[in-house]
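Shown next, in structure tokens, is the structure this report addresses.
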Amino acid sequence: MIDKTIPLVDLHRHLDGNVNVKTIWELGHQHGIQLPANSLEELAPFVQIQGKENNLVDFLKKLDWMVAVLADLDAVKRVAYENVIDAASQGLDYAELRFSPYYMAMNHNLPIEGVVEAVIDGVRAGVKEHDISVNLIGIMSRSFGQEKCRLELEGILAHRDSIVAMDLAGDELGFPGDLFTEHFKRVRDAGLQVTAHAGEAAGAESMWQAINILGATRIGHGVNAIHDPKLMEYLAKHRIGIESCPTSNLHTSTVKDYDVHPLRKFMDAGVLIGLNTDDPGVSAIDIAHEYRVVKSEMGFSDSQLATLQRNGVEMAFMSDSDRKALYAKKAK
């Protein structure tokens, strides 16, 4: 199912959406934070999906307990470190971990730049110990407004040499991309790549904004592109990568079921698209799960799965030399 000769990657993976339940429990008790449960078993439903949520905003509430326990920068570093361990244990050769520094900082008034530093330090520590390559993507959480996003951007740009790209995430309907035009001009001027959550809760127009105004060369989710033939044609022609997260789309009620997910329509249209986990801690999945459901629920062949796997490598925010090295590693 997963082709061992092709690098296995996960490009849309939220670091702050992947905090182990045991870690939440331990950090909560360590810092005297009142948790909504009296045991690990009772805590799980508060931080993991037990079925489907009504919408994206309800889904995102599951993440709130994951950041509520980040009481100091050591906790942030621990979570970042454990994310690398988790990714490596799932057999990933390469991962892009994305995080929102303000979202991680806000509950305990941590310094935003300090959060960025702690994430970088935690990831570096994990990479030193495990056979995996990791790049970081900063997030501006649009739900908190333009000023908070500016503060996030400042913290990220202070460490731009350790970050490969910037993302826009959060309430897509309430905070459209054009509110962040100036933010992303600074991102591009700094030489960072751009991806954006778009076409998930909102329609195709959100994706056009992400591409034409923000400068996105990749789109997170993008399921609603299928309603705009011109957009589908544009995505294919210009090789705009779609970071597809099928199980997450099901959990947020973005799609009703796997068999109606537009993944196949993207592939049939020649769009560059790969599989990702999104918030694996919330969805309680790994990347292998996504390949399994695409095969069993959507009827993809092993050859088609290999194409998706290869697409992920081609979409990755890395240099051509690093890409060649990643392929060479699997060829040994």
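Each residue, glycine too, has its Cβ placed from N, Cα and C.
Source: prediction; values computed, not measured.
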Listed in Swiss-Prot for the Zn(2+) site shared with His12, His14, Asp278, one of His108, His183, His197, His227: His197
C-alpha spacing of His197 (Zn(2+) binding site) relative to Gly170 (substrate binding site), in angstrom: 8
His14 (Zn(2+) binding site), number of other Cβ atoms within 10 Å: 29
Of Asp16, His221, Asp279, i.e. the recorded positions, those within 10 Å of His197 (Zn(2+) binding site) when Cα atoms are compared: His221
Neighbours of His12, His14, His197, Asp278 excl. site residues, C-beta within 8 Å of centre, Zn(2+): Arg13, Gly17, Arg98, Asp167, Ala169, Gly220, His221, Glu243, Cys245, Ser248, Asn276, Asp279
By Cα-Cα distance, the member of recorded positions Glu200, His221, Asp279 nearest His14 (Zn(2+) binding site): Asp279
